[in-house]
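Copied from TrEMBL, the annotated features are:
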| type | residues | note |
| --- | --- | --- |
| ACT_SITE | H194 | active site, proton donor |
| ACT_SITE | E329 | active site, proton acceptor |
| BINDING | N93, R94, H194, A195, Y196, D262 | beta-D-galactose binding site |
| SIGNAL | 1-21 | signal peptide |
Amino acid sequence: MIKIFMLLCLLFLVSSGFVNGSIKKEKDHGIKLFVLKKGDLTLKVTNWGATLVSLILPDKNGKLGDIVLGYDNLKTYTNDTSYFGATVGRVANRIGGAQFTLNGTLYKLIANEGNNTLHGGTRGFSDVLWKVEKYVKEGDRPLVIFSYHSFDGEEGFPGDLKVTVSYILGKDSLTIIMKAKALDKPTPVNLVNHAYWNLGNHNSGNTLDEVVQIFGTKITLIDNNLIPTGKFSSVKGTPYDFLKPEIVGKRINQLPKTNGYDINYVLNKGKDKNEALKVAAIVMDKKSGRVMKLSTNAPGLQFYSANFVKNEKGKCGFVYQPRSALCLESQAFPDSVNHPNFPSTIVTKEKPYKHVMLLKFSTKVPRAFSQF
């Protein structure tokens, strides 16, 4: 029996693409899986779209579970339309009219959502193979660094761009660092990690009972095409008010236009101006006891409740449905390049881009969440 069990484990590791520290090359695609381990945390990522595939960690009873939605087969990510775990760019979120003017030049982009550009176009950074710059599986600082060279004119964007994404695993944390450097022309950049989180486990159903706190007093108002109008609105007294911890499903049905949450929050500035990162959001799953705290240096946070995920066959054959996860995407404001009053997203040779996400995990209930 022991030999049979060991053989089954070996077959599982082979099918996952990782055996004895080696990397399995997926047929015809060059897609590889990378596993990082630190304490009780195990992270899996792939070089296709610099995508976060899996994060396994214990619940309050010590039982391990995967809290990221995704697929078993890496090739499935090449046909994914939900951006599961992907690094999204060159400009994440939406650009109205699929165009913008920069330094007097009109740039017309590839429209892939009606008349607008979404998540970088038809072939954004989520749909390309990234180069592996460094890989450390275990030890004091497990990490993997991916890089991608975006060429001048790709999806209509100006200038050559060197991009890197680093995943760094800590004992109770995951740090994602996204950098970009313009090699010649100025260009807009807004890189986002599009992980779908379900702290109860990826296959635990909807997230309507999860409790969320978002540290943003305003949202960017949007039109019927989800393009920002350029105006801001206070969240107080609205379904978007998560200034104090609140259950996700309590007011979600008051948002019929988007079938749930899909809005950019203007994050509050940190209390200490010398601190590089500020707390953006905290999420708690009552049943598992897991808590996730996101800190970032980005000005905005897209809160999305997986409204349009429907009948999506994911890991272990589980079928994901609407509201089965939460996306907490720290970012620049959507369509910033067309709104001078928004923080600039323009990157130059002299002004590189750096976006940091620090995700900390625990099973200790924050004091503000104790009533739940």
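The backbone N, Cα and C atoms fix where each Cβ goes, and this holds for glycine too.
Here the recorded positions are D262, E329; the one with the fewest Cβ atoms within 10 Å of its Cβ is D262.
Pairwise Cα distances among N93, R94, H194, A195, Y196, D262, which the record gives as the binders of beta-D-galactose, peak at 19 Å. Across the binding-site residues listed here (N93, R94), the residue whose Cβ sits among the most other Cβ atoms within 10 Å is N93. Long-range Cβ proximity for H194 (active site, proton donor), meaning a same-chain Cβ under 8 A and a gap of 6 or more residues, is found for Y83, F84, G85, A86, T87, V88, A92, H119, S126, C327, E329. Around A195 (beta-D-galactose binding site), the same-chain residues at least 6 positions away in sequence with a Cβ under 8 Å from its Cβ are L52, V68, F84, G85, C327. Close to Y196 (beta-D-galactose binding site) in the fold, though at least 6 residues off in sequence, lie V68, L69, G70, S82, F84, G85, A306, V309, S324, A325, L326, C327, each with a CB less than 8 Å from its CB.
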